[in-house]
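J.: Take this structure first; my questions come after.
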Amino acid sequence: MSMPSADNATQVNKLARGLIYIVLILFAIYYLLPLYVMIVNSVKPLSEIREGNMLALPREFTLDPWYTAWSTAQIGVQATGLKPYFINSILMAVPAVAISTLLGALNGFVLTKWRFRGDNLVFGLMLLACFIPFQIALIPAARILGMLGLAGTTRGLVLVHVAYGLGFTTLFFRNYYAAFPTELVKAAQIDGASFFQIFRRILLPSSAPIIVVTVIWQFTNIWNDFLFGASFGDFKSQPMTVALNNLVSSSSGVKEYNVHFAGAILAALPTLFVYIVSGRYFVRGLMAGAVKG
Amino acid sequence: MSFLQIRNLEKTFGNVKVLKGIDLEVEEGGFLVLVGPSGCGKSTLLNSIAGLEAITGGSISIGGKAIDGLHPSQRDIAMVFQSYALYPNMTVAGNIGFGMEIRGVAKPERDKAIATVAEMLQIGHLLDRKPSQLSGGQRQRVAIGRALVRKPQVFLFDEPLSNLDAKLRVDMRTEIKRLHHRMGTTIVYVTHDQIEAMTLATKIAVLKDGVLQQSGTPAEIYNNPANLFVADFMGSPAMNLIPVTIKRNGSGVSISTPREEQDPLVLGVPNAPAGLSAHDGKEVIFGIRPEALTDRDGADRNAANVAESECLIEVVEPAGSDTFAVTRLGRKHVTARLRADANVAAGKKTKLAFNLDKAVFFDPASGLRIV
Ligand SMILES: Nc1ncnc2c1ncn2[C@@H]1O[C@H](COP(=O)(O)OP(=O)(O)OP(=O)(O)O)[C@@H](O)[C@H]1O
Ligand SMILES: [Mg+2]
C-alpha cells in the first residue's frame, strides 16, 4: 500500500512549494514597494498625496507632475525643468562610457597579449584606482581641470569619469582577455595583422559579454554620480542627479512631492533602460570568465 | 647548403635559459620532427623560427636568407597550432582567407585560392560554417588549410594532432605525410608521439632542457642513440638499459650482471666497441631494444652475434601481434619481445636470445655512448 503515502508525499511537496512561493512573492512585493510608491504618487495631484495615503492608487490620474518635472519646474534659479540637465547627463555619460570602455579594452589587450616589462606593476597601479575613494581625488582633479581649462564643462566631467573608470574597465577586460587564447593572436600575427587589426578583427568580436558588463557598470556609475557632478559641473553642465537634488531641496514654496517622484523616476529611467536591454548579457558576461577557464 | 639553418640559437625568458645554443639544419623539402619531454623548449624553438618570440642569441636563415628581426608575416612561414587557433568569429572561408585579406588580395583571387585549398583538404562543404560548428578533425583540416593557402617556404606544426582521438590521429598523420609528398615543402613538426616522429620525419631532433641531444634520420636516432637520454626517450616500449660489469678476457670482452634467484648473467660480446675495453672492471649501461631480445626461434637469422641465456620470466603480456615477456637483470625489469605464439609462461625459465649486433653501451657517468 504505497499509493496513499506517495500521494501524501506529493501533497507535502506541493504545500512546501506553495509556502516558498508565498515567501518569494512577499519579498518581491516588499522589494517593489518603493517603485510602486514612486509611480503611483507621480500620477496623483498634490492634494491627494496631502491626504496622507501614499499607498493608494490615484483617484484622479494626471501626467502634470511629469510634465512639470521635465520642463517647467524651478531648478536653482531658473524654471527649466529637468530637461536640460538630462541632456547634460547624456552628453556626459555616453562619451565617458564609450571612451572608458574602449580604453579599458585596449589596456586589457596590451596587458595580456602584448606584455612588456613591468606590465604587472602598471596593472597593479590601475587596479589601485578602483580602491581610491572619490573624495580623495576631488582637489587634485579640480586643480587639473582648472589647469586644462575644463573646469565646469561637460568635457571636464567626461575626463574625470574616464580617468576614474579606467581602473575598473581595465580590470574587467584584462581578466576577460587573460582567458582568451594567445595562439589566436599569434596566428593573426603570422597572417600579417597589425596591432589594431588584431584588436578589432580578432578580440573585439569575441568581447560582447564583457563589453556589456562594462557598459552597464560604467553607465550606472557615471549616470548616478552626484559628487563629481556637484563638484565640477556649473549651471551649464550639471548632470541630472545634481538637478534632481536641487529640485527636491529647493526651499521656496510648497513641496511638490508628485513632481519630485516623477523627477526621480525620470532620473532613473536611462539606467533602467540599459539594464532591461542588456541585463541578460550582464549575467552571461559575469559568468563567461568562470566557464571558459 | 641546407634550406633552414639554425645557428647557435639562444632564448632566455627573464633569467631562465630555455634554449641553450641550438644548431640545426634541414635540407629543402625535408621533414624535421622535434621531440623531447614537456618543457624542453620545442614550442619555444618553433616560435623562434616563426618570429613570435624574439631570440636572444644566434641566427636563423631560410633559403640562405637571414630572417632574424623580420616580422612573422614576412618570414614566409605558416604555422599550425595545437589548439588550431581558428578565429571563432569568422567562417571557415574567412579563416583561410584572413591572411590574404590583410595583404589586400582581391576578393575573386582570394575565393579561388580558398576553393583550391578546400578541395585539396575536402572541406569545400564547410566553408560557410563557424569553427564552433566543426568537429575536431575538421577544425584541424581548416587550420592546415589556413597554412597551406599561404604557400610558405616552411611549415611549422606544433603538436597538431595531439587533440584528436587515436583513430583520427592516424588518418591525419597519413594525410600530412601525403601533403608533404605532394607539395614538397619543408616542414618543422613538434610532437610527443614516437610513432608520429618515426613515420613522418626525414630527420629527428631530440631536445632536452633546451639542449640538442642528437639529430639524424629516424633510423640513426633509433639504432645509434648518441646518449642514454635519446636511447631511453625514443622507442616504445623503451630500450632496456641494464647496468653491467665489463670483464676483459684476452682480446674479447664480456659483460656480467647479477640476477635474483639465478646465477649472474654473463655474455661474451665479440663485437664490443673499441672503447669498451677501457672500462674493464667498471660498470657500464648495456642497452638492448626489446625486439633485439627474443625467443630463440624468433631471433634475427642474419645477425652475426647472438648470445643466449636462460632467464626467469616474471610477467607475460600478450599484445596480439607480439608477446612481451618481462624478466629481471641487474635489478632492472627487462622487456623481451617474442613471437605471439612463443612458448613462455610467467614463473618459468625460458631461453632468450640477445642480438648483440644491436646492442649499445653507455658510460653511466657522462651518459654518452661508448664507441
Ligand atoms: N613566456 C614565457 N615566459 C617564461 N617562461 C616561458 C615562457 N614560455 C615558455 N617558458 C618556459 O620555457 C620552457 C620551454 O617551454 P616550451 O613551451 O617551449 O616547452 P615545450 O617543449 O613546447 O613543452 P610541451 O611539450 O609541454 O609543449 C618551459 O620551462 C617554460 O616554462
Ligand atoms: Mg609545446
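Every residue gets a Cβ built from N, Cα and C, even glycine.
Features from TrEMBL:
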| type | residues | note |
| --- | --- | --- |
| TRANSMEM | A:20-39 | transmembrane segment |
| TRANSMEM | A:85-109 | transmembrane segment |
| DOMAIN | A:86-278 | domain 'ABC transmembrane type-1' |
| TRANSMEM | A:121-145 | transmembrane segment |
| TRANSMEM | A:157-177 | transmembrane segment |
| TRANSMEM | A:198-219 | transmembrane segment |
| TRANSMEM | A:257-277 | transmembrane segment |
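Help me picture where these features are in the structure shown.
T.: Using a Cβ-Cβ cut-off under 8 Å and counting only residues 6 or more beyond its ends in the same chain, the transmembrane segment (A:20-39) has close neighbours at 54-55, 261, 264-265.
For the transmembrane segment (A:85-109), same-chain residues at least 6 beyond its ends with a Cβ under 8 Å from one of its own Cβ atoms are 75, 126, 154, 157-158, 161-162, 165-166, 168-177, 199, 203-204, 207, 211, 214-215, 218-219, 222-223, 229, 233, 236-244, 266-267, 270.
Distant neighbours of the transmembrane segment (A:121-145): 107, 111, 151, 156, 159-160, 163-164, 166-168, 170-171, 174, 227-228, 231-232; these residues of the same chain sit at least 6 beyond its ends, with a Cβ under 8 Å from one of its Cβ atoms.
Counting same-chain residues at least six beyond the ends of the transmembrane segment (A:157-177), those with a Cβ under 8 angstroms from any Cβ of the stretch are 92-93, 95-97, 99-101, 103-105, 107-109, 111-113, 123, 126-130, 134, 137, 141, 145, 148, 150, 203, 207, 209-210, 213-214, 217-218, 221-222, 225, 228-229, 232-233, 237, 239, 288-289.
Among residues of the same chain six or more beyond the transmembrane segment (A:257-277), those with a C-beta under 8 A of the stretch's C-beta atoms are 37-39, 41-46, 49, 65-66, 68-70, 73, 82, 86, 89-90, 93, 215-216, 219-220, 223-224, 240-241, 244, 247-248.
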